[in-house]
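A.B. asks: Structure incoming, see below.
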Amino acid sequence: MKSIAFVALLFCAIGFSSSNNLICNTPELDIPKEWVDMTHGCIGKMREQVLEELKASMQYMAMGAYFAKDVVNRPGVSEMFFKSASEERDHAIKLIHYLLMRGELTTNISDLIKRNLVPPVTTWENVVSAMKAALKLEADVTRKIRKVIEVCEHDTASNPSNNDYHLVDYLTGDFLEEQYHGQRDIAGKVSTLEKMMKDHGKLGEWLFDKKVQAGEL
Amino acid sequence: MKVFIILSIFCAAAFAEDYCYKDARRACGTKLSLDMKNCTAKYGAIERAEASLQKFAYHHFIRSFDYLLLSTHFANYQKNRPGFEKLFRDLSDNKWHEGIELIKYITSRGGEMQFNDVDNLVESEDGNFDLHEITAIAKALDIEKKMANEASEIHHRIWHKSVLHDPEITDYIEKEFVHKEKDLIRKLAGYSTDLKDLLNPEDGSLSLFLFDEFLQGNKLF
Ligand SMILES: [Fe+2]
């Protein structure tokens, strides 16, 4: 299994030294760099945020898994959390695409993502507590996006300090927009669920799950 | 001793269907919090497979991240290989969704997902994703073979090493992984062959352009 990689590497190594061999590397390019104008501190913050989105994603994954268990059995809620997990991954990919569009991510690609992202919490008392945890998680992500905006709007790591107008606009208009709508949606669901459960406890939760599953909330 | 163990497992299996019923009868009229701990979806050999399925699912997410990095790498303006970007993105998406499906499968058999079960299988690899086109394909081929072997190991565990026969699990592994991995491995090996032939000093640079263009229009799954 490893031999294929080894052979490929070997071919590449030989490619440098003699002619008529496998050429793996493309020629050194001389592309002007003036257009690559994101600044150091801002880039770092953006790269951190990619990881934050993926961490949130794996946390939602754990929620989806917990409520999928037969002894918990909240299929609607579980599916909702699995969907959120994939959405958070999409956010990470959107940030990556933005960086690529601006000419970034040409170096140090391997440490952009920590591969082993174990979610810190894996069980919840009930649906309400998980939804509240989700709301707190979103608020935390929002706070971090705001921090990225702050740094990118006034990046003191470069001299003179830099304002990345376009990125700041993108994060504000696109990312924060989605955060605030998402938070309002979760908060509304928490409110509905708590009221459904006030006098009826588990019956309320069961009904809530069915409503979520049918897309009626 | 062995006979005794097998006998006791048979006895357990023979009476298994009554356990939940007894629990339910005992629970009726008592405090609500009483556990009906035999009323789960667990049957057959799932407990033998659960830990390895959890690990397998978790590996899917790690591989999804690996492929996302490769996809990103080929999408930077210097690499600028939209075909390779798409290939690795498709692989990343595929691993991600299969990981979710695996969690759903584990819970469909009464199990649960655990995320902290990482062995050194992944940590022992070099985590370098700054690769050339052909070495990236080679890496993907290695990863997929590891995935295929892991699926086979789970299958073996249930088919040969479990006292309880559980065709549902082995069939699931076959249907969802064994055959699909075969196709994927074959495709990647084919790409590796093509690149090996095309990357000579005269054609190399243009070959990669054409091969990338081919990948853009090619369906991996
Ligand atoms: Fe997000």
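Using N, Cα and C of the backbone, Cβ positions are placed for all residues, glycine too.
The annotation signal peptide is assigned in TrEMBL to A:1-19. For A:36-197, the entry in TrEMBL reads domain 'Ferritin-like diiron'. Annotated Fe cation binding site per TrEMBL: A:GLU53, A:GLU88, A:HIS91, A:GLU138, A:GLN179, in sequence order.
Looking at the shown structure, can you explain where the listed features end up?
C.D. replies: Confidence across the domain 'Ferritin-like diiron' (A:36-197), taken as the mean pLDDT and rounded to a whole number, stands at 97.
When Cβ atoms from all protein chains are considered, those within 10 Å of A:HIS91 (Fe cation binding site) total 22, not counting its own.
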A.B. asks: Including all protein chains displayed, how many Cβ atoms other than that of A:GLU138 (Fe cation binding site) lie within 10 Å of its Cβ?
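C.D. replies: A count of 21.
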A.B. asks: Starting from the Cβ centroid of A:GLU53, A:GLU88, A:HIS91, A:GLU138, A:GLN179, the recorded Fe cation site, name every other residue in that chain with its Cβ within 8 Å, sequence order please.
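C.D. replies: Neighbours within 8 Å of the Cβ centroid, excluding A:GLU53, A:GLU88, A:HIS91, A:GLU138, A:GLN179: A:GLU52, A:ALA56, A:SER57, A:GLU87, A:VAL141, A:PHE175, A:GLU178, A:GLY182.
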A.B. asks: If the criterion is a C-beta within less than 6 angstroms of any ligand 1 atom, which of the binding-site residues A:GLU53, A:GLU88, A:HIS91, A:GLU138, A:GLN179 pass it? List them in sequence order.
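C.D. replies: Cβ < 6 Å from ligand 1, in sequence order: A:GLU53, A:GLU88, A:HIS91.
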A.B. asks: So if I measure Cβ to Cβ from A:GLU53 (Fe cation binding site) and keep only same-chain residues at least 6 apart in sequence, which ones fall under 8 Å?
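C.D. replies: Result: A:GLU88, A:ARG89, A:HIS91, A:ALA92, A:LEU95, A:VAL141.
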A.B. asks: Would you mind checking how many other C-beta atoms are within 10 angstroms of the C-beta on A:GLU88 (Fe cation binding site)?
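C.D. replies: If we count other Cβ atoms within 10 Å of A:GLU88 (Fe cation binding site), we arrive at 23.
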